[in-house]
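Enquirer: First, the structure itself, so that you have it in front of you.
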Amino acid sequence: MLRVPLCTPLPLLALLQLLGAAHGIYNVTQRTFKLDYSRDRFLKDGQPFRYISGSIHYFRIPRFYWEDRLLKMKMAGLNAIQMYVPWNFHEPQPGQYEFSGDRDVEHFIQLAHELGLLVILRPGPYICAEWDMGGLPAWLLEKQSIVLRSSDPDYLVAVDKWLAVLLPKMKPLLYQNGGPIITVQVENEYGSYFACDYDYLRFLVHRFRYHLGNDVILFTTDGASEKMLKCGTLQDLYATVDFGTGNNITQAFLVQRKFEPKGPLINSEFYTGWLDHWGKPHSTVKTKTLATSLYNLLARGANVNLYMFIGGTNFAYWNGANTPYEPQPTSYDYDAPLSEAGDLTKKYFALREVIQMFKEVPEGPIPPSTPKFAYGKVALRKFKTVAEALGILCPNGPVKSLYPLTFTQVKQYFGYVLYRTTLPQDCSNPKPIFSSPFNGVRDRAYVSVDGVPQGILDRNLMTALNIRGKAGATLDILVENMGRVNYGRFINDFKGLISNMTINSTVLTNWTVFPLNTEAMVRNHLWGREASDEGHLDGRSTSNSSDLILPTFYVGNFSIPSGIPDLPQDTFIQFPGWSKGQVWINGFNLGRYWPTMGPQKTLFVPRNILTTSAPNNITVLELEFAPCSEGTPELCTVEFVDTPVIS
């Protein structure tokens, strides 16, 4: 307890300062972060301030590695980080909130604070970020007519409930309240969206102010064009722009100045690389080009956020997609200064040298790249085909419907749904099956008749398929959700069979719809079990008409070598001879693999999901083709290597 001698008179202000310091509040109440319009800058505690920040997505990095990545950012000379909060990551079902483990956003922000990093918060509700549906939860689509990112009452009710949960958690973390959050973004690149709904923006401003107060700086970010800023910002929101090395810096900031004649120049997303799509080459930005452009930005006195400073991984099913439909791969490496695995790159050191020209960078050793280990090949054996495993994949039973139901109609938001019916006519001579009146396969469908693979229907390419079978034969269509569109007007991306299926002009009816809980099956039935000998060694049809297999689960185990210090270590898994599917290790969903499409050939395996105390389980769901058959089971292997392959 602070004791002030009564015989020593003190000025009232000095007494309040002592009392405030004793209770830990004085420094908090004096903390300020403001816009200085008169001199085109920020003021932090009354002193001129310029941030050089980097984007990091806690939801793409295991909690185990948060501190390592943040410390590397600090040592690069950054004084702030920028971060999104994806709504769907924290509210997977209406009213079901998750804020623990890898979802503990408050801990992540506190960790940044402890390391001396300020935080630029971007809580959405829409975030883009190449993340499924731009961070909006898929259950919003249960109201099929909903207009997302607008003043649609159904949307606003859901947004209001979410903000009432999230923003009160953020308020104690604001800079003026003793935390690290200096600015908060409202929405995200709203000027790129067709709605241009100012009532929606006003609603958000009102709710942000209600929950966070009037002292925090609220801002917007849009592409550096007048059209985008016209619809993307609003009075009382500070307008910023984003652009990469290919843009003219002067012209980009002239656009900002038309909306913000005074105040700091800000590039909220200065692109260090770019996103990838399956089937396209890996995107890169040359280090020299990036470093030169960063120097020019900083020489103008601009505040800069490097997007991304570390990309991370789209674990599980979290990747987004663009239109025309192009899903993003599991890796979100982004050619960033820190690699997907958190490794230091030439780009990291080049940017650090530039930053050092404008501000002091921390002294001391930079945390090294984490060691990697090649655990070698692991043999896998067949567990069951998807059709054989329906009893455990769909324990609550299927849903009956005259016509196909979408994923959201059966409350299956990610992964896979199996649609089953019977052929209404003889198809001994091949007849085409397709979706009518438009291609309603969302996104990729694996078709079989009486257990014989027929082929693949695809949202973009394979819109019709000839099938064979007798009248009354069982038709199975396994539909994969490959990631929802995260940008543009088509983010209301329904999944499954979203229109009727037709054979020879006959509409197929009387469907049995199986929502597949692959996560529960892997955790409860495959994790920790020995590789199974039941069934055939693979799911291949005996028919020679197709090289495809039935979608099949494969399992295997491997042990961490003994006698080697510091194991387990990070690694990468690759799939020689495999085609496309999903992989889990010890019940953790690493994401999608698709080496036949590329550019990503390996998946990052963080060491925190591995164990030395028991064999490590690998579960693979292969959808198209496995390298092994009954005669060559030794070919059914995956391999752990110490170097990523992305080209």
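Any Cβ shown, glycine's included, is placed from N, Cα and C.
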Enquirer: Between Cys128, Cys231, which residue forms the disulfide that Swiss-Prot gives for Cys196?
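Expert: As annotated by Swiss-Prot, the paired cysteine is Cys231.
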Enquirer: The substrate site in Swiss-Prot includes Tyr84, Asn188, Tyr334. Which of Glu130, Glu142, Glu388 is also listed there?
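Expert: Of Glu130, Glu142, Glu388, Glu130 joins Tyr84, Asn188, Tyr334 in the substrate site that Swiss-Prot records.
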Enquirer: Tell me, in order along the sequence, which recorded positions from Tyr84, Cys231, Tyr334, Asn617 have their CA within 10 Å of Glu189 (active site, proton donor).
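Expert: Among Tyr84, Cys231, Tyr334, Asn617, the ones whose Cα sits within 10 Å of that of Glu189 (active site, proton donor) are Cys231.
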Enquirer: Could you find out if DSSP has Asn188 (substrate binding site) as helix, strand or coil?
Expert: coil
Enquirer: Measure from the Cβ of Asn510 (N-linked glycosylation site) and count the other Cβ atoms within 10 Å, all protein chains considered.
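Expert: That number is 12.
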Enquirer: At the Cα level, what's the spacing in Å between Glu269 (active site, nucleophile) and Tyr334 (substrate binding site), rounded?
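Expert: One finds 13 Å between the Cα atoms of these residues.
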Enquirer: Pick out which of the glycosylation sites Asn248, Asn557 has the most other Cβ atoms within 10 Å of its own Cβ.
Expert: Asn557
Enquirer: Check each residue in the chain of Tyr84 (substrate binding site) that is at least six apart in sequence and keep those whose C-beta is under 8 Å from its C-beta; list them in sequence order.
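Expert: Listed in sequence order: His57, Phe59, Arg122, Pro123, Gly124, Ile127, Ala129, Trp131, Gly135, Asn188.
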